[in-house]
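*Asks:* Before I ask anything, let me first share the structure, which is written out below as structure tokens.
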């Protein structure tokens with residue numbers, strides 16, 4: 001007689017057996033439920049953006065611990081870190097010339113730590129870098145993001161170059177994790193510290209997305225008008241949603257692995 005399945009295992013088994021359309025529907029419903037809960041619990045929705053930055057910082061701290069303690073960068077994508085450094089540098093420039101606030105300091109700290117991670121991977125831990133697995137071509141994302149920024153950018157009173165730069169960093173941030181997902185797709189096995197880091201990115205992206213969505217709901221759409229006219233306000237919201245859903249599948253398997261007591265995350269084919 002087979003032992004009864006745990007509730008989490010039973011639910012995950014049922015979800016895994018559903019067709020893609022049902023999985024997409026369940027993901028949307030879960031996201032809406034999470035947004036309703038956040039709206040009820042968090043009264044100042046600006047705190048969600050700060051929380052997103054804090055979770056991202058925790059993820060980077062885990063990454064730094066991995067590099068310093070284990071002295072290996074196996075499973076990490078150098079290209080994802082480089083894309084992160086690019087959009088952070090551009091966003092930092094935009095913060096200085098357009099609106100200087102607390103997020104400028106947070107971005108500066110994140111950029112410095114990201115630059116340190118790049119240095120460690122490129123020079124100190126080069127022997128453990130999986131260059132053959134990190135084979136995502138950066139021009140597939142940098143080029144389209146630059147073209148999209150030229151075509152669709154804010155309609156504010158700032159200089160045109162600054163508005164295009166702002167749009168570029170928004171679009172690039174949305175897809176900067178793709179090389180990391182490609183590495184995990186190629187290896188199929190994700191060790192704990194890398195899994196914790198990517199999961200933290202997923203949570204941070206969701207909180208950031210929730211911040212924007214709830215702000216739009218609270219202002220009854222006036223926030224979109226404040227961002228400008230044309231397609232730009234919608235593109236900001238779409239970019240936040242895209243970067244959340246890119247990591248949603250991985251986060252599902254991460255949670256399933258944690259509840260299953262597995263230290264090493266094994267990804268089925270076609271997950272990321």
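Backbone N, Cα and C atoms are what each Cβ position is placed from, and that goes for glycine too.
All TrEMBL annotations are machine predictions without curation.
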*Asks:* From 61-82, 193-214, which range did TrEMBL mark with transmembrane segment?
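*Replies:* Result: 193-214 is the stretch TrEMBL calls transmembrane segment.
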*Asks:* Which sequence positions outside the transmembrane segment (193-214), separated from its termini by at least 6 residues, show Cβ-Cβ distances below 8 Å to it?
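*Replies:* Counting only partners 6 or more residues beyond its ends, the transmembrane segment (193-214) has Cβ contacts under 8 Å with 31, 34-35, 38-39, 45-46, 48-49, 51-53, 55-56, 58-60, 62-63, 65-66, 70, 75-76, 177, 180-181, 184, 236-237, 240-241, 243-244, 246-248, 250-251, 254, 257, 265.
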